[in-house]
Amino acid sequence: MLALDKVRYEYEHEWFEFDLNVADGDIVALMGPSGAGKSTLLSLVAGFIEPVSGSIKVNDQSVLGLAPYQRPFSMLFQEHNLFAHLTVRENIGLGLHPGLKLNAEQKQQVVDAAQQVGIADYLDRLPEQLSGGQRQRVALARCFVQPNPIWLLDEPFSALDPLLREEMLALVKQLASERQRTVVMVTHHLSDARAIASQIAFLSQGKVKVVSDCQAVTAQHPHPELAQFVAAALNEPK
């Protein structure tokens, strides 16, 4: 389980305080208005920034003070996931060894991962030779070859067209289920959350205001801020 307890952080005189529990195997979508603290929460968990106080634990073990690479998380962002000078094969291989010193079994893992995400034909290409969707497939492959039990996704597919986004989300859901991974994903698309998540954590004004079963999140939700947010989201063009 990932557990955040009274995690406080200050940025430009604005305070954030997060409480959130994510059970093993769950997929939780972080949603809320701009500036609510979604990416801040993810950055605190990942270790890119440190809280003023509070605790962040994975299976009752604190991760505070650990560098990002020492924490049990794999991360996927909207962009800047790949090293431009490395091939697809090498970019995926980094998930197994930072120096790319792979044994025969690990080299086969890279090939298998590429096949699972549909990029086996591009293993020796550079990222600049790929489309945006193909680059995100490479990043996803590197994400899941790592042994880390929790994936942190920060709007990884928001720049893709709706059909491709839907395909990538289905792939994440499938791979997470097969590998029994926990997923925490920031998204501003309600449809994305409904496609992949078991729960939605709604953030507003620097706090997690409510955590709700994904299918119960409607414009009639009893929490007024969440209901208003959903109503606005449903009226937005897809």
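Note: Cβ is positioned from N, Cα and C throughout, glycine not excepted.
Taken from Swiss-Prot, the feature domain 'ABC transporter' covers 2-230, and the record attributes it to sequence analysis. Residues or ranges marked as ATP binding site by Swiss-Prot: GLY32, PRO33, SER34, GLY35, ALA36, GLY37, LYS38, SER39.
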Legend entry - Cβ neighbours within the same chain of LYS38 (ATP binding site) - under 8 Å, at least six residues apart: LEU30, MET31, GLY32, VAL186, LEU203
Legend entry - Average pLDDT across the domain 'ABC transporter' (2-230), rounded to a whole number: 91
Inset, instruction - Sort out the sequence-distant neighbours of SER39 (ATP binding site) for me: same chain, 6+ apart, CB within less than 8 Å of its CB, listed by position. - result: ASP154, VAL186
Inset, instruction - Go through GLY32, PRO33, GLY35, GLY37, the listed binding-site residues, and name the one with the sparsest Cβ surroundings, counting other Cβ atoms within 10 Å. - result: GLY35
Inset, instruction - Rank the binding-site residues SER34, ALA36 by the number of other Cβ atoms within 10 Å of each Cβ, and give the residue at the low end. - result: SER34
Inset, instruction - Would you list, in sequence order, the residues of this chain other than GLY32, PRO33, SER34, GLY35, ALA36, GLY37, LYS38, SER39 that have their CB within 8 A of the centroid of the site's CB atoms, where the site is the one recorded for ATP? - result: THR40, LEU203, SER204
